[in-house]
Amino acid sequence: MTQPTESKKIWQVIAASSVGTLIEWYDFYIFGSLATVIADQFFPKTNPTAALLSTLATFAAGFIVRPFGALVFGRLGDLIGRKYTFLLTLILMGGSTFAIGLVPGYATIGFAAPLLVLLLRLLQGLALGGEYGGAATYVAEHAPPHRRGYYTSWIQTTATLGLFISLGVILITRHYLAPDLDTSIKRFNDWGWRIPFWVSILLVIVSIYIRLRMNESPLFAKLKSEGKVSVNPLKESFGHKANLKMVLLALFGATMGQGVVWYTGQFYAQSFLETVCHIDFDQSRTIILWAILFATPFFVVFGGWSDKIGRKWIMLIGMLVAICSYQYIFKQFIDLTQPTGKTELTEHRKFLGEKTILLPKSKTDSLHLRTWEVHYTDGAVFHEVKQDTLWTDAAKAALTKTATVYNEKKLNTWAYRKIVGWMFVLILYVTMVYGPIAAFLVEMFPTRIRYTSMSLPYHIGNGVFGGLTPFIATLLTTIYVTDKLSGLWYTIIIGAVCFFIGAVYISNRIDADVND
Amino acid sequence: MNQLKKWLGIVWMLLGPVAIYYLIKTAAGEIEKNPVTNTIIQWAVFVIIFIPIAIGLIIFGYYAFKGEYEHLPESSKEI
């Protein structure tokens, strides 16, 4: 039997695998984090075809291509080995990210611009689909059985840290392109957004160098030397009932719920702070950064703990607590960002400007907007926007009232810290469901088809169920407009079904031998 | 527990078609409300992606009803 790699070597394995995976997540997230800037550059809303390509870039790359990448690269990983497969995904991801930073805008090359970006985004999704399964499998196959959860949990930190680095690089670039902030932001929106994409290539070169020096997974190398490598991993994974039933169990009893909890905690929460609570751009991002910083060590805590008490209940309790408390936590976000109960410092009120815009689908009726900066005694500063609809029809005009909305809210220190605290709790749930899952998935499937078998449920759970969370949640809020928290029902229902299936069908047994 | 696993299989088998029906009904309603290309594409993606997953849930329910999950494999020889 192959001996587990000695302690010093395992850290080299973890470092080499994690750095590459971290970069892949960074690459994937910068596109999402810069979506509005990229849309202005490549997908002008005035052009319907470009807008259509934008929708495809968002949906297809995240949801269709990721599971497809899992199948393509999972199969390769089970046929030719883990090392070369996840080296290939890294090159593919790094190359396409760098290339997105080089594509000239729509104004320069017309339709070729959104088309190129769409193709490169699809390549990114494909690469990401192949990366994770390889990295998790590679580390798990090097780890000693009693520490498998602990060592693979380092790979689990990379997705969150990738988001952390992408937000950090974007904030730094946005702030330091000129001595004054307004000019810096203008430059960033103009050309500076390309810098985070270019940064990727440096990181990828370093990571490729490290990965080239790594050895093949000892378990896969042993299988290969014995001639026991699968000849058709896809058929063995999904064509044989005995394995297919485990793939279905992994999806419906674990990754489906894990995906929605992850994307609700990190992405829908961010979108909620920006679009429902209307918190200022910088503050909404630094809230996430602080929460990630404090919560990330818990991936390792829960991963390590799962080696002692089993993977199942840590993940399921995380899921259960999350779905039971989401309504309350998101209600706190709304309450902490309301102007109700605040006392205005009227002498500081500042008029910022006014504008009139045509109402959608109307050539005559318009909306008149007047904006003030409002300061409060507790230190908060909000923008107050008064909206008057200017109807040409006198009957409608007589019934119209002025609507007041608040946006670009800069919170006071107390409210800011409290929201950081709640965000920390949301990401803590993510660490519970996500920390042990790599070890859990690795232990479910045999070595010869592990890469393929674990990649598909992972990417359907995270790419489809998780990745669609922000879109479906936002859609629900447009259908049930009176309830700002209605978007959470998607996560709660999917999470509850997954919890129930996991609790009844999944075993809490830790597989001592993944060499088979 | 095995009896519970088995009879819950029927629930999962029924949940699949219910999910498909609800998805198609919602998609049709939303497209009718806002019949622009982006809405159609968006809902088409949802329907195309979730239908195979719902079929997967039906298969999962069938396996559960047949007692396939009464014993989970403890070594790869069982797979």
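Yeah, the Cβs are placed from backbone N, Cα and C, and that goes for glycine too.
Under the heading transmembrane segment, TrEMBL lists A:12-31, A:51-73, A:85-103, A:109-129, A:150-173, A:193-212, A:247-267, A:287-306, A:313-330, A:419-442, A:463-481, A:487-506. The feature domain 'Major facilitator superfamily (MFS) profile' is assigned by TrEMBL to A:13-514.
Relative to the transmembrane segment (A:313-330), the listed stretch A:419-442 leads the set A:193-212, A:287-306, A:419-442 in CB pairs under 8 A. The recorded stretches the transmembrane segment (A:109-129) and the transmembrane segment (A:287-306) do not share 3+ CB pairs below 8 A when only pairs 6 or more apart in sequence are counted, and are therefore not in contact.
Beyond its flanks by at least six residues, the transmembrane segment (A:12-31) meets 5, 38, 86, 89-90, 93-94, 96-97, 100, 121, 124-125, 127-128, 131-132, 135, 138-139, 142, 151, 154-155, 157-159, 161-163, 165-167, 169-170, 196-197, 200, 203-204, 206-207, 210-211, 213-214 of its own chain at Cβ-Cβ distances under 8 Å. Proximity of distant same-chain residues to the transmembrane segment (A:463-481), defined by a Cβ-Cβ separation under 8 Å and at least 6 residues beyond the stretch ends, is recorded for 59, 62-63, 66-67, 125, 129, 255-256, 258-260, 262-264, 267-268, 271, 275-276, 487-491, 494. The stretches the transmembrane segment (A:193-212) and the transmembrane segment (A:150-173) are in mutual contact, each linked to the other by at least three Cβ pairs under 8 Å (pairs 6 or more apart in sequence). Residues of the same chain lying 6 or more positions beyond the ends of the transmembrane segment (A:287-306) and with a Cβ under 8 Å from any Cβ of it are 147, 149-154, 156-157, 160-161, 163-164, 167-168, 171, 266, 269-270, 273, 279, 314, 318, 416, 419-420, 423-424, 426-428, 430-432, 434-436, 438-440, 510. Taking every recorded stretch in A:85-103, A:247-267, A:419-442 and counting its Cβ pairs under 8 Å to the transmembrane segment (A:150-173), the highest total belongs to A:419-442.
When Cβ-Cβ distances below 8 Å are used as the criterion, the transmembrane segment (A:419-442) is approached by residues 136-137, 139-141, 148-149, 152-153, 155-156, 159-160, 250, 254-255, 257-258, 261-262, 264-266, 269, 273, 279, 287-288, 290-292, 294-296, 298-303, 305-307, 311-312, 314-315, 317-319, 321-322, 325, 329, 332-333, 336-337, 411, 450, 454, 457-458, 514 of the same chain, each at least six residues removed from its ends.
Below 8 angstroms of C-beta separation, residues 17, 20, 23-24, 27-28, 30-31, 42, 69, 73, 76-77, 113, 116-117, 120-121, 123-124, 126-128, 130-131, 134-135, 138, 194-198, 200-201, 203-205, 207-208, 211-212, 451 of the same chain, each at least six residues beyond the ends of the transmembrane segment (A:85-103), sit close to that stretch.
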